[in-house]
């Protein structure tokens, strides 16, 4: 039995239960790739102020910096999934999906160092607020225009999307509470 287009034989050997759902085809594949790229770009840009925030917080108070790093690490897990899953289902290549998630995950510490080097002389609270405001707007647009509609397209009866959405909000709320402790 030949695997469908876009899936490698190793994918089928490692995950035999996914033979029929390995790769999205046609028009949906293009939509999924576009969503993946938009999400990856937004998250990559989103990581810049996060990395900078963690670095600055650590310089000011190492305890707060450590707590912030843990909170950010918790929410980086679903970010990685938001990048890797659509890329995997659009291409069938788990290494490409892993690679994209890894590169964008590494952008956070690299952005922190680069951002600090560039902004150290002119860093102000206003600039910090502006960076987070811009990134927040970008992430809201990506979520509302790309992620939620795509989730509902694959779960039209809303069996898991709403519960998953609420679980994601709960995870973030808990991470924010941990930050305040």
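Using N, Cα and C of the backbone, Cβ positions are placed for all residues, glycine too.
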According to TrEMBL, which listed range is transmembrane segment: 14-36, 37-59?
37-59
Between 37-59, 97-120, 160-180, who has the most Cβ pairs under 8 Å to the transmembrane segment (126-148)?
37-59
